[in-house]
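**Q** Below: one structure in structure tokens.
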């Protein structure tokens, strides 16, 4: 019996653990250490700084099953997903890594043992082929002499892009930096499938499939292209879980493995589809994986960046569900089957299931409102098409008005053997961007563009004043040697007590004092490993290399510390009251208040908000010690410390504990004891996106001021209603009851007035072709009264056409009533349509009653005068 996908994943990790590798958890799909990446797309992403020598880990061997997404950016498989056997938006990359430990010999030996070992994957050795870089004799000899693969199944791959080392078998991190040859392992699916070995003209067939890539990082590429040996060569390998599962489960397509068969069956049930081989079911089964894990990792649908890619994937899945006949929301229903089939890889999903379902359902409901209209427009445009290309302007209109991404429109066109003018789409998009830039009035933010090579040591945990040396000066984004009085700049120091904004905590303010001048610091930001002090030189001048005394605004820092510690108490209290699915999704901590975003799929009830507030204040009164410990990241996680989404952690981390109540990883500044916070008060709770809630709160003196403000408000209201705080509620209720009674009395008077006016209006009826017609503009009537008056006049006249109009709040209101015996001759909707067109408005309704509005008051008399001729033609 073949292994399940979950069992294959576990076997891989178990094998390398037995070989001394540290099992490292998958990192987030949102890269935390590489701003150049849209999404994590390879197993080595989380180890990039280790390979570059910028990060040290307590282990030299590691193994992972890394979640990856390839949709958007350089690596974009979206348009092929569902139409090929192996393209996915989401996949898992199994990998083993050596950081200056073992090299080619052990990497190849481990791979061969896992693939062919009787107790592991036990693949037939004759089914495996390998490639090596053309000049990598070392790897070739290991495969041939030590492993024993026949020479005809070892293929040397050379340069194929016209330049040295530009080869499928030579890996490079970039134009410079670590690089080296790689060796790929292929599986032969058999003669019954078309295709040839790697390097042959038929290599693009499906017979020989790459299952594992072993990258040997042994060189450091210089700017001039020369390769220098690395002092500690390393290994980075990657094996697609879905591909090896297809091999071990004896199927040729990834969509035929157990995991996808389960998801496809669930998608068929949710959409009502009957053909299990439908490409649309494959699309949906693939897309639910990427969408669920992206939402779980903190991405929410939006119109920019990662959120827009997520929105595109969700909407593509919804469109394919629509093609299958889904008549109701279906996509969110696949979250539970996915969690069931993912096994241990879904552990992070279980507490977030409800939140993920809520986000997906909300997005589906939103898109459903425009999907049908957008598809109708697209169908109409394609029906009129004379060539084979849809113009870019139409594609952009679908994007801008109906939320159709370019790839969704291209999908529809491809199904009809048509294409989209992508260049025209981009021109329309750029024109819109240009209009937006011109209307915004904002220039470039030079500070956001700074690239700083310096390193700053932070001393702000222990000191608020410290000596430092100026190592860089930036003015208008450019490096300078000196700044002078009145100039704004960014000052970088070698050592500082100023906290640089991170982890939601704002940067410090204060002053830098030098012998030659004083620099007022308005903010502190991090630029890589440097701290940039942003502000203005208020006196003298400041030169590169100058010694300064850096003084933090201590009162402001103290308020920030209290608010930051309060966020930790709030986080723990929310998990107590709402459940363990609550996770931090963002925060802001400044000297006035704190803002905390968290995962939860509905608005908090008033009693829940109060209970959270009570719990936090209980912990404040306990005056718990706030303790900081430095420990290994894995030890911190084993201790139960919560690691926060989007944060990058070193091998050694700061663990902040507040008694037994809260334990989190945190690099921020904090109070010494919870009692220092004094008082905690929630001032607002709201939603920011589907599945994301936000709490705003204040502490200490701000919390006390908030209570005083509320007390003053209560006293003021009590005075207005001639009561006190004890009787205020009863007084307000009495006023509400009095208001309701007055509204009721007023409505009765209005009804009486309408009846009287209706009676008098009945005397103004005229005859058109034997039919009673009443057309009247009423100067004193409210728009709401017109309906009642028409009903009264119908009863009074028996058989008639009635048209009433009034002007209120600068707008025209019209109503037409036709008794049922006349609706086969003239319809109320036609009458108001005729009138609305003349007064600059629109309207509609039933044949016997219709209403309209308009903005052209001056045109109303002429419009009413035109009714007689219209009715004479119809009656």
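Glycine residues also receive a Cβ, built from the backbone N, Cα and C atoms like all the rest.
The following feature annotations were taken from Swiss-Prot:
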BINDING   564, 568, 666, 670  Zn(2+) binding site
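Burial and contacts for the listed features, if you can.
**A** Applying an 8 A CB threshold to same-chain residues 6+ apart, the list for residue 564 (Zn(2+) binding site) reads 504, 505, 589, 594, 666, 668, 669, 670. In three-state terms derived from DSSP, residue 564 (Zn(2+) binding site) belongs to a helical segment.
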**Q** Same chain only, sequence gap of 6 or more: which residues have a CB within under 8 Å of the CB of residue 568 (Zn(2+) binding site)?
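**A** When sequence neighbours closer than 6 are ignored, residue 568 (Zn(2+) binding site) has 656, 658, 662, 664, 666, 670 within Cβ distance under 8 Å.
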**Q** Tally every other Cβ atom lying within 10 Å of the Cβ atom of residue 670 (Zn(2+) binding site).
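**A** Taking every protein chain into account, the count is 26.
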